[in-house]
Amino acid sequence: MTERLWSIYNETKRQTEDLTPVISTNSVNPDTIFANNEMSLRDIEIYGFDYDYTLAFYSSHLHTLIFNIARDILISNHRYPEGLRKYEYIPNFAVRGLHYDVQKALLMKIDAFHYIQLGTVYRGLHPVPDEEVIAMYEGCHVPLENMSDFYGKSSHGHTMKQFMDIFSLPEMTLLSCVNDFFMRHNIDYEPVHLYKDVKEAIRDVHVKGIMYRAVEADIGNVISPIFVFLRDRGMSYIVGKDWRDLFDVVIVQADKPSFFNDRRKPFRRVTDKGALLWDRIHRLEKGQIYKQGNLYEFLRLTGWRGSKVLYFGDHIYSDLADLTLKHGWRTGAIIPELRKEIKIMNTEQYVHMMTWLQALTGLIEQMQVHRDSASQAVVEEWIREREAMRPQTKDIFNAQFGSLFRTYHNPTYFSRRLSRFADIYMASISCLLNYDLQHTFFPRRTPLQHESPFWPEQSHF
């Protein structure tokens, strides 16, 4: 029986190696638009766009800028130790979608079933041993009441904060650096206060206009040359002074997600010099810029309702969730990280690794029924090989936290929300240039666990 098991193992491995070049030829185009829900552009009459990381793409220099300013605010305004200035922004430390346990000061990745991915739990800049994580959480599961609220925030007893937008990358890194400094210097601190101080410092960078002033001062190095919207100088820099002619309605400082729920804030018109007018708004005019307002007033003034509207944004909660759940708008998520991850998945190294990992998992699943000690010893060896391979599938994307979309095999919590709140998703808004306005996006019919895997599109190899 032992010889038979190893013979099957070797034959499966040989077939996998033969299959890898064939699979590698079926690479995914990073400029593809992917569908979670069937949607036809022929039904769309109105297109709406968020600003940051949807129409305006920023260079990595901006994250360094946010980190440095917020770090200096902690030192100057909150009296944090001067030694923090030695910490610099670490561009590839964190990924989007991570959870932060506010009370335990731990940054981690959680899957769609609320399980912590072991090996991705960090205290400061260093990983926490799996045994310690299991002891702290009495396993790997995070109860629903401890998870972040609907918008990913830690409030009303929720101990977890989920970081969902790209601007949160410097915030996660700063939290980790400050934690690291305190631990290195044996400084006793209250994790909740630290989290609130960092959150306030990051907020000041955005709310007080420090970031946008820095962007305007160095616009050529900060804004990537794709599209820019909202800021007059930014749009003029990319498109030209007549950029307003491209849009029917322009709204600034809408304050999402409260824009979608708060009926009280009225629209106010902004003059070319930035002054706010007090006149009551009876219609939203092309060429004008409006501030704040709320969605209910917007719907009343425009009549743009339901599935004929397609809105794009990068923040799954603040930009998309309310629109799809409450108002029936179609939604498109902009996920810039998608391009990098697809390029990695297209490599022969990744294809070979994942093909063999799946084949090995199938072997374990099928051969575990042999309960004699010799067979079990073989299967245990396969299990050890599988366990040794799984961290490699994480590290190929990000050494600390892995892929934005998967834990080892399960979708991440981020992926789960993406599939629920976005009809389509793509790496950038420019992916639309590959499709005409009559195109219908179809989601793949991925087999459910009880369905046969031999759909034509799954077995075309």
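Using the three backbone atoms N, Cα and C, a Cβ is placed for every residue, glycine included.
Please treat TrEMBL annotations as automatic predictions, because they have not gone through curation.
As the structure is a computational prediction, the values presented were derived from the model and not from experiment.
The Mg(2+) binding site annotation in TrEMBL covers Asp50, Asp314. Neighbours of Asp50 (Mg(2+) binding site), defined as other CB atoms within 10 A of its CB across all chains, total 23.
For Asp50 (among others), the entry in TrEMBL reads active site, nucleophile.
A C-beta separation below 8 Å, combined with a sequence spacing of at least six in one chain, links Asp52 (GMP binding site) to Tyr58, Asp165, Ile166, Phe167, Asp314. The GMP binding site annotation in TrEMBL covers Asp52.
Residues or ranges marked as active site, nucleophile by TrEMBL: Asp52 (among others).
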Asp314 (Mg(2+) binding site): tally of other CB atoms within 10 A of its CB: 24
